[in-house]
Every structure is written in C-alpha cells, then in structure tokens.
Amino acid sequence: MDLYRLARPLLFRADPEDAHRRALGALAWAAEQLWAGWLDSVFGYPDPRLEVKLWGLSFANPLGLAAGFDKNAEAVGAWEHLGFGFAEVGTVTRHAQPGNPRPRLFRLPADQAAINRMGFNNDGADALALRLAGRRWGIPIGINLGKSKVTPLEQASDDYLYSFERLYHLGDYFVVNVSSPNTPGLRELQQADRLGEILARLQCANRESKPLLVKIAPDLGWDAVDAVVDLCGEHRLAGVIATNTTIARSGLRSDLQETGGLSGAPLRNRSTEVIGHIWGRTRGQLPIVGVGGIFSGEDAWEKIAHGASLLQVYTGWIYEGPWMVRRILASLATRLERSGFEHLQQATGCAFS
C-alpha cells in the first residue's frame, strides 16, 4: 500500500511552498540519522542492468532529482537513500537572492502540474560552497548555475564564471541554466552569441574537463534548438538537459491564471519531442538528460526510447511520492526484458532504430 497516495489530499491542503520547506527539513534530518541506510531497502531498486556510465561517472540508475527541489543542498545526503541515481542542486546564483514575492508556487492537481515563479531564490554560490565542502555522497551530484537578478545580461558570463569556479571541485557535473522563465531576460541568453560567450568562458576555466551541460526551454523553435545544439558541439559540451518549464498553457483543465513556468504532465509530450529532435539532429552523439512530465515507467521509457541517456523528475515526484522512483525503475527493468535488451543503455534512441 502506498501511504503517500493516501496522505496526499491532506498534504495538498498546505501551502505548496510551506509544504516544500517542511519536506526538505524532514529529509535533511533523516539523512543524518544512523538508520538512513535502511531507506535504501524501502525506496531503492538495485539492478545492474539499469546502471549508466556517462562522462566518466557511474550512475546506479538513470533517474535523478531535477534542480529546483534542493536549491541549497540542504538535503543532499538524502537522495541516494530514496533510490535516485543522481541529484542536481541549485539553481544557484553568484549572489544570494530572495526570489520573487510569494505566493510563487501553485499546484494544478487536475492537470498533475505545477506553476512556479520562484525566481532563483537561493543562498548564493559562496554559501553553497561552504555547505558542500568536505562532504561526499554515494551518487553523482550536479550543480545547476543561474544568473543573479541584479546582474545585467551583458555581464552574465561573469556571474556564471564566478559560481563555476567557486563550486568547481564540489560538483560532479555542471549545468548552465539559461531557460528559466522567472528571471527577467534570462531566456535571451539562449541566443547563440550570448550563450556562446558564457560557454567559452566556462570551458576555458574547465581545467579538469568536468561535464558541462546546458538546460534549454521547451518553447524554443526548432531553428533555435538547432543553434543551441551546434553550440554544444562547438564548445565541446557534455550534453543537454531537455527541458525546463514552459510558458505555454494550452490544453489545461485548471483555470488558474498565474504567470511562471509550468511543469508536470502537460510538459510530457513536448519535452519528449525536443529530446527526439536533438537525438535525430546529432545522430545520438550528444547525451541528453530528459526531464518533463515523468510520472510512470512508461513515461520514462518513452524519453529513453527517444534519446535520453538519463532522466530527471521533480513535479511527478511531488504527486506520486517517494515510492515513485522504485516503481519507475522496476517498470524499466520489465520493459528491458520485454524488449530484448540486455542493458538499459542499449535502449537509448531505440524509437528511431
């Protein structure tokens, strides 16, 4: 019996951001307890067929926690015990910032979705560096980098570079986030000239060739997606994360009129479309992290089949609860058996073969 699903109606009565804060605090506490390892047997699904080796890193499974849930790495020690193969902290900016005024996070239960306009609220790169220093985890930890609101677009590369260098030895991989709709002008940084400057400066500072990725919006046209993909090749990026939240609102059942990025089930098909486009454009040579609307094993398999090497969840995890990871991984293992693949990595892009 999934206790979370029984309790969800009660949990969803609370303000979304307050509930988030309480959950993060509880997870941070649990991660420090002697019995934290016991959670592995409850929520984990160890299966060597699901292991992914990418960028010189080993992922016990392809399912990771997307950036945004644990912005300040407060509960970073918990994610490996909840079955995740990796986790991404942030978005972190050079300067600490409070984000946008509340309310700024909204649930859309009828659509299995959420709208957020958080605005990169975080403690800043220096604080994150202090929190991560001297600690090690059993899964790869990525760091998602954003631009401070006070920093002009013309100085964006300075902002990203500061955070990158400050956190360089503390992350297993890094993500350039230029696709959040909640920081004024940020999406302009997806333009080839602006993004190219950021990537060039980061790669010049990338002495140990840490995996560097870019996270793109689902609202880009195909020409713009292709331009970003070309930049990834030009600057030797390790991959792309597809996709961030959307500003589109088509097909929603909810009549909530709030600005911000929409995540969850309504994003599922578009993000998979973008993944498939990038896979086809690069003939599978650019690793893709697929995110957007993953609630089930079927959703996860679709993204892998369309070209994703790794996956991330956030909104689906809020709706489905902590047992979701185990259910998805078990479903992927079953799909492997039915599809005749010996290992999950063989299934990447199989929709096009």
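Including glycine, each Cβ sits where the backbone N, Cα and C put it.
Residues Ala67, Gly68, Phe69, Asp70, Lys71, Asn144, Asn177, Lys215, Thr243, Gly264, Gly293, Tyr314, Thr315 are given by Swiss-Prot as FMN binders; from Thr91, Thr93, Thr334, that same site also lists Thr91. Within 10 Å of Asn244 (substrate binding site), counting CA to CA, the binding-site residues Phe69, Lys71, Asn144, Tyr314 contribute nothing. A C-beta separation below 8 Å, combined with a sequence spacing of at least six in one chain, links Gly264 (FMN binding site) to Leu108, Asp111, Gln112, Ala113, Ala114, Gly293, Thr315, Gly316, Tyr319. Cβ proximity to the substrate site centre (mean Cβ of Lys71, Asn116, Arg117, Met118, Gly119, Phe120, Asn177, Asn182, Asn244, Thr245, cutoff 8 Å) flags the following additional same-chain residues: Gly68, Thr91, Gly99, Ser180, Pro181, Thr183, Gly260, Gly261. Sequence-distant neighbours of Asn144 (FMN binding site): residues of the same chain at least 6 apart with a C-beta under 8 Å from its C-beta are Ala67, Gly68, Glu88, Val89, Gly90, Thr91, Val92, Phe174, Val175, Asn177, Lys215.
Cβ neighbour count for Asn244 (substrate binding site): 25 (other Cβ atoms within 10 Å of its Cβ, all protein chains included). Cα of Tyr314 (FMN binding site) to Cα of Ser180 (active site, nucleophile): a distance of 15 Å. Same-chain residues at least 6 positions away in sequence with a Cβ under 8 Å from that of Ser180 (active site, nucleophile) are, in sequence order, Thr91, Phe120, Gly146, Leu186, Arg187, Asn244, Thr245, Gly261.
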